Amino acid sequence: MPSAVTEAAALTTRHDAEPVSKRPRTDAPVEKQRDAPPVPSIGRSKIFAPYRTIGLVSPTSVPFTTLPLGKKTFQITTSVGRALQTYDLRRGLNLVFVTRPQTPEPITATTAWKDSVLAAWSADSRDPHAARGIWVFKRGKKTAELPPPPPSDTPASGGGIEDSNSTLPEAVTELLAFGAWIVAASATRLDVWRAATLAHHATLRPPRTGADRLGRVLSPGCCCATNMPTFLNKVFVGRRDGAVEIWNVATARLVYTLRPAESPAWGGVAALVPSPALSLLAVGYDGGAVVVVDVRADRTLLRFDAGRGGASCISFRTDGLGAGPDGRAAGVMATAGASSGDVALWDLNGGGRKMGVLRGAHNPPSSSSSSSSPASPPSDSTTGPDGGISKIEFLPGQPVLVSSSRDNSLKTWIFDTVPFSPVPRALHARAGHAGPVSALLFPPPESDGAPDGGAKWILSAGGSRDRSLWAWSLRRDGQSAELSQGPVRRKARKMGGATGGGGAPGLDELKAPTITCLACSLNRDGGIGAMPGKQAIWGKGGGGKKGKGGRDAQSATEIANATGWESVVTGHEGDRFARTWFWGRKRAGRWALETGDGADVSSVSVTACGTFAVVGSAGGAIDVFNLQSGLHRQRYPPRLTPKQAQRLRAHLASKGENLLEGEAQKFERGMGRHSKAVNGLAVDPLNRTLMSGGADGKLKFWNFGSGVLEHEISLPTPIAALRYHASADLVAVSGDDGFVRVFDATTKKLVREFKGPSSTSSLSPNKPPTAPSQTSLKQPHPPSSAAPTDFIFSPTAHQLLAAYAQPVPHLRVWDVPSARLVDVLPFVRRCNALAFAATGEYLATAHEGERGIGIWTNTALFAHVPLRALKEAEVDASLRRAARAAEGERKNAGRKKNAGTPPTALPQAPTASGEGGMGAVAAALAEAKDGPAEATAAEGRQDAWEDAEAVADEVPTPQLNQLDDALTTLSLIPRPRWLGLVQLDALRARNRPAQPPKKPEKAPFFLPALEQPGQPAPAASASASASAPAPAPLRSSRISSLDAGALAAAAAARGAAPDALAPLLRGFAGSGDPGPLCGRLAGLAPAAADLAIRGLDPAAAAAAGPGGASELVLFVDALTERLRRRRDYELVRGCMAGRRTLRVALGEWREVQKGEAERLGRLVGFCGGVLGWIRGAV
């Protein structure tokens, strides 16, 4: 090492001893007393529980880290905000781990260490008191935490008393683990820990220069600190002034400083990577320069120009191949940057040259990318630039290159092209939306043929920064895929747009415009075999030209009729074409459906049969197309010939100008076109009626076949969206006044009207529900800034959900039958899209600035949720408290690690790790196991006593009583329970084993052989057995030997009486009320109820007195009385259906007895007649 450079005087602190234990907290909060007022349940829904977030792969700028597992595979770990996701390379980048618990704040740096992963997290890099830390994860679980530096290393702010709960004073931008050390690089310091004991060792503070007196000293990049082989205990750190410092972490001293020859022109250090050759270090600069330096001689060997911003990522290939004309030489280096999506490959032999460019490896940063607002809260998917490469790395000893980007993608590339090519081919890829999601849709249940298929897949459309359509699997993450739009990336490479510069159209410009609306029906979807072969995408239908496969339009139609056709239709921003998609093939369809007036598409719909697509335009036109042939089939209203138009004008003139007024209006053919944009479309399941809502404030009902307008409803506000529920035949529309109005599609009447946050409604939530007056539609309501961003029906139409952005982002849930607001769920960010699974299991939400999709569990599907009508004052107060809690959390984000606003005070939201979420199984078991209060407490969302008081404060729903004695009332037991009683014999027959168990021919060698009957015992054992007591006789089976007493004893041991129904039957005999007995039967499982009924003794008298009826007779009498009262019809039917054998035997006995009685009657009559004749004759 040259001695020209002397050691710099640096402020260093060394700690060889064990870390100082934390001082006890003096400001610990006093334990809450039982008589304290309960904390309001803010941000917690009674119906929906957060489950998890899907669609996140690599949405942050934190680079991935690789961990080799022997010689078989590698694990690649990416950051998704506050959690880490680990993918297995051998399994095709399948997700194997998601870390739990999630970090309190967003992750800022990661690194692999042995078989673990270290993650540094920080709340705010500019706040010296923000909560920060470094956690250690192993196989997705937290195993350790690095202690913070002692207070002596953290200067107090303002000369005050130092915080006893000390944390890292600066946000960690890079982690490095090598040898016996763990190093964390920050803006102005390096912290060192011992890897063996995790004890803090030293704090290294690089000296400041003139330009860095007040700001950052070290480079802010994520690859600006490294170590080199054979340099023991040395760490190389890049500075903003272009210098590279070499520190000895063991002695805490600055050893040497490497200074570039052209520091002002190159800028600061952007990357530091050691080469496979000893003592050679590659240094990348912000200006795009890349140099290879001999560290021992302090001499530059090679110099490259990677372009501005193209040297923030550097990696060397270590398998000894890839360079030279035939690829058999070593010396390949790859460079990439955050300003483009290209990867440059360099041959370092012979002075170095660029031998290839992997163009379009990732999306370049879009022009619309913007940084997140400082006030916006941290989340699992932060906003910001949605392109550019964040890291590239060659796997050790493998011809595989791994790359990640801020476009939310992780890709692997392999060099195995024959003949040799310096550019690799794609191996695996995992990706998601590069920008926020704008639309969501759960496909119908027919998507995979399973009855629960409606909860397996979800469609999502990207916003303005991401023109993609994705299909996400909620069961297996590896099945998620983007619907292909053709060779877009290949076109971008040819046109030069994949690099993000040069004036060529970018990758986004070659894709379809941003999706604004989508519709789906899978009844005619052919799956992966629909329309085999290559098909031209998004062409105009109905043409007779030859296709690429040589098939004309008629043959293509025949093939589509046999294999199925497109099932997804989308509308796009600023485009007059609606586009079709193949769901099964996950690719773009054949047709681009043009609007009739040439205006932009504003809404789309697909009929339930899957044959027709309805397209609405911004000019008011409505057109119907056949998805099989792409032909135009109908227009609403139909286009008239000149003669028909003249006849219509004459007819209107004869009737007068006021013909269109009044509710009893009869519309002629050609009348009723929307004057403004059509914002909602729906078709009934039988293709009889088409419903359309427009910005002109008209809700129209059209005859689907003829195109004639049948009915029209005028609203006082423009219609912004329309939703239709086919089973209930309800139509809901929203306007800019904040109201959601529900109409009956059969009677064309307004049945419900729900108000927004700042509107006044004709329905008061404190009054009994009544149908809103039809005259209220003619009274305009004042415009509201709190118009719903999206709304949707529940699968059963019992609930209507609407998302609002003002005054606080939140979701409102109304009970449609009672017209009451029953639940409010605050959000951290505005909700742009809602989707409800057809099975009712999941609710999906998409939020502003979020690239992931939040999945919520519907707990009301598995357990009874007590609901009451919420007053508007309560809702406003809860929303204000949630807003204050969120704002306080943002301002005081982690001032102390364990202090601040309680987590329960903040709005709940799904997380990528699923921590704190409740899945379907947990939701189903929580109520049965712990009850509502304890189940909520078990999820960690609130203390147990707070939950108990919160539940006690609610007004429970009254028990379901019979409305009238003449009405038959069903019970509240689940349908599978009483159906199990009916089909119990069939279930037992199906579950019966095919053959009885066989006795093994030979016992295992390690078991002693039993004596065979009839054989004498050995002599040795005979003498021993003479003195031993005679053993009990062996029983052939323990189960068959159980008698009634043993069964009773076992039942008593379990705490259950064998005659559990007997006391209830005696109570029925005394009071005549079968309610307790039916309640007991409703709480038993089908098998337990059948066993209890079979246990009734026909001979035992359950009633008091000498003439008391038997248990079985009383049981039948109780069910008869319950049926006579018209209560619990399906339960009584199930209990009696289970006695099918008894009923058949009794019926056969009745028929035989009736026949025998009739025979005896005839004989007796005959004999009596004979005797009478004899008496008369004598």
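From the backbone N, Cα and C atoms, a Cβ is placed for every residue, glycine too.
Annotations in TrEMBL come from automatic prediction, not curation.
Annotation comment: TrEMBL describes 1-44 (among others) as region 'Disordered'.
Here TrEMBL flags 13-35 as compositional bias 'Basic and acidic residues'.
Annotated domain 'WDR36/Utp21 N-terminal' per TrEMBL: 76-416, in sequence order. Summed and averaged per residue, pLDDT over the domain 'WDR36/Utp21 N-terminal' (76-416) gives 84.
Per TrEMBL, the feature region 'Disordered' maps to 141-165 (among others).
The annotation region 'Disordered' is assigned in TrEMBL to 355-391 (among others).
For 364-381 (among others), the entry in TrEMBL reads compositional bias 'Low complexity'.
Here TrEMBL flags 382-413 (among others) as repeat 'WD'.
As annotated by TrEMBL, region 'Disordered' applies to 480-507 (among others).
Annotation comment: TrEMBL describes 671-712 (among others) as repeat 'WD'. Tertiary neighbourhood of the repeat 'WD' (671-712): same-chain residues 602-605, 607-609, 612, 614, 616-622, 624, 634-638, 648, 660, 665, 718-724, 726, 729, 731, 733, 735, 743, 745, 748, selected by CB-CB distance under 8 Å and a gap of 6+ residues from either end.
For 754-789 (among others), the entry in TrEMBL reads region 'Disordered'.
Taken from TrEMBL, the feature region 'Disordered' covers 885-917 (among others).
Per TrEMBL, the feature compositional bias 'Low complexity' maps to 899-913 (among others).
The domain 'WDR36/Utp21 C-terminal' annotation in TrEMBL covers 961-1175.
Feature annotation from TrEMBL assigns region 'Disordered' to 990-1035 (among others).
Residues or ranges marked as compositional bias 'Low complexity' by TrEMBL: 1017-1029 (among others).
Tertiary neighbourhood of the repeat 'WD' (382-413): same-chain residues 55-64, 66, 68, 74, 76, 78, 81, 87, 89, 93, 106, 222-223, 312-319, 321-322, 332, 334-341, 343, 358, 361-366, 369-372, 376, 424-436, 465-466, 500, 849, 851, selected by CB-CB distance under 8 Å and a gap of 6+ residues from either end.
The residues of the repeat 'WD' (382-413), classed with DSSP into helix (H, G, I), strand (E, B) and coil, number 0 helix, 17 strand, 15 coil.
With helix defined as DSSP H, G or I and strand as E or B, the repeat 'WD' (671-712) counts 0 helix, 22 strand, 20 coil.
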